[in-house]
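**Student:** Structure incoming, see below.
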Amino acid sequence: MALVLGSLLLLGLCGNSFSGGQPSSTDAPKAWNYELPATNYETQDSHKAGPIGILFELVHIFLYVVQPRDFPEDTLRKFLQKAYESKIDYDKPETVILGLKIVYYEAGIILCCVLGLLFIILMPLVGYFFCMCRCCNKCGGEMHQRQKENGPFLRKCFAISLLVICIIISIGIFYGFVANHQVRTRIKRSRKLADSNFKDLRTLLNETPEQIKYILAQYNTTKDKAFTDLNSINSVLGGGILDRLRPNIIPVLDEIKSMATAIKETKEALENMNSTLKSLHQQSTQLSSSLTSVKTSLRSSLNDPLCLVHPSSETCNSIRLSLSQLNSNPELRQLPPVDAELDNVNNVLRTDLDGLVQQGYQSLNDIPDRVQRQTTTVVAGIKRVLNSIGSDIDNVTQRLPIQDILSAFSVYVNNTESYIHRNLPTLEEYDSYWWLGGLVICSLLTLIVIFYYLGLLCGVCGYDRHATPTTRGCVSNTGGVFLMVGVGLSFLFCWILMIIVVLTFVFGANVEKLICEPYTSKELFRVLDTPYLLNEDWEYYLSGKLFNKSKMKLTFEQVYSDCKKNRGTYGTLHLQNSFNISEHLNINEHTGSISSELESLKVNLNIFLLGAAGRKNLQDFAACGIDRMNYDSYLAQTGKSPAGVNLLSFAYDLEAKANSLPPGNLRNSLKRDAQTIKTIHQQRVLPIEQSLSTLYQSVKILQRTGNGLLERVTRILASLDFAQNFITNNTSSVIIEETKKYGRTIIGYFEHYLQWIEFSISEKVASCKPVATALDTAVDVFLCSYIIDPLNLFWFGIGKATVFLLPALIFAVKLAKYYRRMDSEDVYDDVETIPMKNMENGNNGYHKDHVYGIHNPVMTSPSQH
């Protein structure tokens with residue numbers, strides 16, 4: 001029933017499902033950012049047996065030994081084909097061959113069944129004749145025991161052998177109890193397992209409409225992204241055009257701007273230089289006049305009579321000789337002015353080159369705004385197309401017959417659930433009968449083995465090696481009786497147990513080998529996929545059932561595998577044959593509509609970097625003459641002292657010499673002149689030095705600017721021509737390329753979205769994984785794990801225990817002779833004939849007819865018995 005139920009679940013979905021088309025791959029492109037919300041199912045994908053799985057594997061190994069051959073796909077196909085025939089001719093060679101193949105495959109199972117049947121037939125017969133034989137005082141029925149030299153050894157061997165066999169039987173009984181309990185507990189889980197599967201199936205039914213709504217909702221996300229780019233066409237398209245033009249234009253404008261800055265710096269440097277030269281001319285004249293005055297004063301002071309007297313005369317002569325150093329630098333007054341160059345630069349600055357450059361920058365930066373102004377109409381048209389695409393997609397999804405599919409499948413699920421819930425109590429009732437029957441069987445075996453254990457226990461504990469067979473104690477005798485009771489029960493019930501073992505073995509082994517194992521390896525599906533097997537008119541049953549196109553390859557194995565991979569129903573069942581979503585979505589048609597609108601997008605840009613006035617301005621600056629100035633002459637003067645000597649040192653030296661003179665007018669006059677020289681240094685020399693420093697800085701600026709000025713301007717003008725030519729010749733192609741790129745971006749959103757719709761409907765929507773899980777639950781879990789595995793473990797354990805009852809009863813019969821109290825025993829009158837064992841035990845032979853009050857009717861020698 002479980003197998004039929006699982007198959008109906010799968011075929012029910014197949015027979016009532018029609019959906020969209022299948023993409024070329026089951027893997028979504030990495031560029032897609034859409035993802036359907038994950039659906040969580042309650043039923044586990046796999047079933048784990050737990051620790052008892054070790055016992056199940058032990059049974060599987062035994063079955064592999066009994067039936068090691070591979071699954072007979074061809075034989076099963078031919079058998080099913082024969083089964084569908086209205087009349088079977090058993091005399092046909094192919095029928096005979098098929099029968100032989102079946103026998104060959106089932107050889108191991110048949111052999112075990114034959115052995116079991118022999119056991120069933122022979123055990124009652126053997127038991128009957130054994131009983132009759134015992135009643136005739138044969139077969140160990142005579143209560144007399146011969147004394148044997150190896151008797152104690154045999155007793156121990158029989159006891160140990162029986163104990164080992166009883167342990168083996170106990171293990172088998174344990175397997176039986178465990179298997180019986182597993183069936184009981186697992187059947188109780190069936191209701192919860194069924195409810196879990198039906199809950200997952202209803203989750204599938206409920207989630208599918210939500211998935212479709214989610215897919216439709218993602219169009220708004222896509223459209224909003226496209227609208228954002230359309231509303232930002234100034235930054236997206238205009239920015240793209242600007243980024244393409246910027247590398248060829250900005251460097252030129254930056255160079256022109258730096259040149260405009262250089263012109264301003266040149267003007268400032270020339271103005272500073274011109275004013276500095278005028279200041280130097282005036283300051284140098286004043287310095288020369290001051291030095292002339294101080295020299296006149298010093299000469300007048302040196303005319304003092306004291307200078308004629310030794311040693312003052314030497315000091316005066318020294319001072320007189322140094323007066324020639326008090327001169328100014330006349331070359332400072334000869335430096336040429338820069339009025340002409342300054343006038344040229346001022347003429348250049350009459351044209352606002354910096355403003356012209358800013359206009360070039362502005363014309364470039366205005367590209368995004370100009371693009372937005374010129375594309376307003378086109379953007380509105382594209383938005384209308386995008387809105388219409390949304391309506392088309394909504395119409396396509398509404399035409400998908402998913403609601404009809406879900407409604408039909410929902411009815412099927414409800415009917416199946418009602419059927420299962422209606423029959424589960426019956427199943428649980430039958431399970432109770434099975435459990436009670438298994439409990440009785442295991443208890444019966446337990447009773448038998450308990451008698452054996454009690455017999456061993458009483459026999460071993462009550463055995464007295466000094467007692468004769470006729471004088472054995474009550475405990476030992478009870479042990480022997482227990483053993484014989486076990487033997488009697490074994491003969492009475494073991495053949496009945498073997499009947500149960502054979503029947504369950506044949507059923508369980510064949511179901512395991514022909515259903516469970518091939519289901520796991522999918523070989524069973526390959527048999528069902530055999531062309532013309534299930535329907536002689538259809539090559540492939542599923543495609544014929546669904547589409548009436550039996551030539552289309554749609555197999556049970558492929559459908560089951562796809563469902564296990566959580567693939568959507570549409571792609572799993574190749575339902576594009578009834579509703580091709582690719583044709584209805586028609587991605588190229590929708591993207592073509594967007595492309596046609598984008599083709600009408602035209603952008604005109606007139607960019608002029610620098611006019612003729614700006615070019616002439618640069619050329620005039622290059623010809624202003626600052627590159628032809630003799631900067632070395634200016635720099636040479638800036639390195640010289642304004643006076644012929646360091647006036648401060650001269651003043652200190654003069655003051656020292658004056659101090660060496662005797663006090664008087666000459667000394668005072670020289671000190672006053674020294675102070676005057678210090679004042680000249682402070683008021684005349686230091687300002688000149690400051691002016692020379694300013695002149696040096698201005699000269700360096702002009703020298704740096706004028707160095708290679710003509711070449712730089714020529715290079716800038718060449719770059720300007722190149723940039724302007726690039727704008728003239730390439731702007732239109734740049735606009736076209738960026739427009740296409742912009743269009744591909746807009747179209748790409750919808751291509752990805754439409755492809756995602758196709759992929760989702762084909763691979764994700766209405767994932768049939770719950771159906772595969774339900775089939776696994778019905779076959780692999782319920783039938784194989786809940787029923788067949790415990791059933792196989794049951795017959796394996798009970799069969800092992802039953803088989804070992806045979807050697808157990810043999811050893812029990814042998815061993816009972818050593819525990820039971822005998823009616824007679826061997827008597828030895830001659831001590832020389834007493835067995836050595838008896839001598840060792842201190843028994844000198846039996847000389848009386850009555851020993852311990854027990855009549856001894858047989859008084860013969862051992863040879864008579």
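Placement of Cβ uses the backbone N, Cα and C atoms for every residue, glycine included.
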**Student:** Quickly, which of Lys156, Lys213, Lys257, Lys383 does Swiss-Prot have down as N6-acetyllysine? Just give the residue.
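**Tutor:** Per Swiss-Prot, the residue annotated as N6-acetyllysine is Lys257.
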**Student:** Do Cys133 and Thr478 end up on the same side of the membrane (judging by the domain labels in Swiss-Prot)?
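**Tutor:** Yes, Swiss-Prot places Cys133 and Thr478 on the same side of the membrane.
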**Student:** Between the glycosylation sites Asn274, Asn548, whose Cβ has more other Cβ atoms within 10 Å than any of the rest?
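**Tutor:** Sorting the candidates by Cβ neighbours within 10 Å, the top entry is Asn274.
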**Student:** Restricting to the topological domain 'Extracellular' (179-433), report the mean pLDDT as a whole number.
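**Tutor:** In the predicted model, the topological domain 'Extracellular' (179-433) has a mean pLDDT of 81.
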**Student:** Most CB pairs under 8 Å with the transmembrane segment (109-129): which of 158-178, 434-454, 487-507, 793-813?
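**Tutor:** It is 487-507, which has the most Cβ pairs under 8 Å.
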**Student:** May I ask which residues of the same chain, at least 6 positions away in sequence, place their Cβ under 8 angstroms from the Cβ of Asn730 (N-linked glycosylation site)?
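**Tutor:** Same-chain residues close to Asn730 (N-linked glycosylation site) (Cβ under 8 Å, separated by 6 or more): none.
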**Student:** Can you tell me how far the Cα of Asn395 (N-linked glycosylation site) sits from the Cα of Asn580 (N-linked glycosylation site), in Å?
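**Tutor:** Cα-Cα distance, Asn395 (N-linked glycosylation site) to Asn580 (N-linked glycosylation site): 14 Å.
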**Student:** Closest to Lys264 (N6-acetyllysine): which of the recorded positions Lys257, Asn274, Asn414, Asn548, going by Cα position?
**Tutor:** Lys257
**Student:** At a C-beta cut-off of under 8 Å, are there same-chain residues at least 6 beyond the transmembrane segment (793-813) that contact it? List them, or none.
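**Tutor:** For the transmembrane segment (793-813), the sequence-distant neighbours (Cβ-Cβ under 8 Å, at least 6 residues beyond its ends) are 52, 55-56, 58-59, 62, 119, 123, 140, 158, 161-162, 165-166, 168-176, 178-180, 182-183, 438, 441-442, 445, 448-449, 452, 455, 483-484, 486-487, 490-491, 494, 497-498, 500-501, 504-505, 508.
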**Student:** Have a look around Lys225 (N6-acetyllysine) and count the other CB atoms within 10 A of its CB, chains all included.
**Tutor:** 15
**Student:** Taking only the glycosylation sites Asn274, Asn414, Asn548, Asn580, which one has a CA atom nearest to the CA atom of Asn220 (N-linked glycosylation site)?
**Tutor:** Asn580
